[in-house]
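*Asks:* Got a structure for you, questions after.
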Amino acid sequence: MRIPDFQQRLADIGAKPRHIGRMTRAWLKGLPLDVGRRQQQAEDFLPLSVREGLPALSLEIDALARLRSEHPAADGSARLLVELGDGQMVESVLLPRDGLCVSSQVGCAVGCVFCMTGKSGLLRQLGSAEIVAQVALARRFRPVKKVVFMGMGEPAHNLDNVLEAIDLLGTEGGIGHKNLVFSTVGDLRVFERLPQQRVKPALALSLHSTDGALRQALLPRAPQIAPEELVELGETYARATGFPIQYQWTLLKGINDNQEEMDGILRLLKGKYAVMNLIPYNSLEDDAYQRPEGERIVQIVRYLHSRGVLTKVRNSAGQDIDGGCGQLRARAEHVLGRRRPR
């Protein structure tokens, strides 16, 4: 379901624009659609036809994203296994400091070699209402003031739905534009569409290597764009929005943690409106990769930072419950597998 479909369903049961706006905001807050102001009953502000039609519609909206299981982590994050209306599963991650990582696809087609989500390929797209429903669901547990599109899927491959969700969250959803973070491997459509949007999110770009051939090997089905061109496109967007680009770099021991790569980062990012997020590799099943030792990570940060590239180590939230970067995949493969024989 897309957001306009949800709003049309409200109109179909007699809701006027003012009612639709009010009920949309209630939904975004994780509240019942007919919630009123303090000591105000639904009959005080909703037409009879809407009140009669809401129970069935509310069931349909609730089914967009149902919590199947919750897995709290020691760092205050929590991985949420979310069941969609058709029984497919995605994962959201509640982050410390009121953040939420949402999924935009069931599976992923990019197939990054260090990421679990793409192991099963792309199963289907999420509608914009299904994306927003993850936020509404999370807000039943805790406040959500930041939404990052870094869960399952490549947001650029579901661009219309993701941009619809971002627009609603950044207008009616009470989330600042800089706190909406669109993550991509570098699809050129992103750089065409995002500057045209009413809500322009912050942008995170998956870099991972300054060597074009190595980057293509790590992200085998990502657009074949040179790292230099990716950074220039990012810089143009950063200057237009006033938000620095967050460059993502999964640190892989013996692969992209060498001195040549560090000097390549300086060459590309020094003087740019950018933040380098170093993400030590998170362990997966049947690992072929490792993260560098802690001492080496500290050396890299000091080297880059002292030479003019703002560098942060992003120790992914929820690693102990497989909620960290690269670890997300639908545990529903097992759940659905158990269902099928019935």
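Here the Cβ of each residue, glycine as well, is placed from N, Cα and C on the backbone.
Given the structure is predicted, the values throughout are model-derived calculations rather than measurements.
What Swiss-Prot records for this protein is below:
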type	residues	note
ACT_SITE	Glu91	active site, proton acceptor
DOMAIN	94-320	domain 'Radical SAM core'
DISULFID	Cys101-Cys325	disulfide bond
BINDING	Cys108, Cys112, Cys115	[4Fe-4S] cluster binding site
BINDING	Gly153, Glu154, Ser183, Ser206, Leu207, His208, Asn282	S-adenosyl-L-methionine binding site
ACT_SITE	Cys325	active site, S-methylcysteine intermediate
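Relative to the rest of the structure, where do these features sit?
*Replies:* Glu91 (active site, proton acceptor) has a Cβ environment of 27 other Cβ atoms inside 10 Å.
Every protein chain shown contributes to the tally, and the Cβ of Cys101 (disulfide bond) ends up with 30 other Cβ atoms within 10 Å.
Look at Cys108 ([4Fe-4S] cluster binding site): DSSP puts it in coil.
The number of other CB atoms found within 10 A of the CB of Ser183 (S-adenosyl-L-methionine binding site), across every protein chain shown, is 24. DSSP gives Ser183 (S-adenosyl-L-methionine binding site) a strand state.
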*Asks:* Relative to the Cβ position of Cys112 ([4Fe-4S] cluster binding site), how many further Cβ atoms are located within 10 Å?
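*Replies:* Neighbour count, Cβ to Cβ under the 10 Å cut-off: 20.
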*Asks:* Reduce the DSSP letter at Gly153 (S-adenosyl-L-methionine binding site) to three states and note it down.
*Replies:* coil
*Asks:* Is any of the recorded positions Glu91, Cys101, Cys112, Cys115 within 10 Å of Asn282 (S-adenosyl-L-methionine binding site) (Cα-Cα), and if so, which, in sequence order?
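*Replies:* Those close enough are Cys115.
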*Asks:* Out of Cys108, Gly153, Leu207, the binding-site residues in the record, which is closest to Cys101 (disulfide bond) when you go by Cα distance?
*Replies:* Gly153
*Asks:* Which number gives the other C-beta atoms within 10 angstroms of the C-beta of Asn282 (S-adenosyl-L-methionine binding site), all protein chains shown included?
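*Replies:* Neighbour count, Cβ to Cβ under the 10 Å cut-off: 23.
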*Asks:* Would you mind sorting out which of Glu91, Gly153, Glu154, Ser183, Ser206, His208 (the recorded positions) have a C-alpha within 10 A of the one on Cys108 ([4Fe-4S] cluster binding site)?
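*Replies:* Within 10 Å of Cys108 ([4Fe-4S] cluster binding site): Gly153, Glu154.
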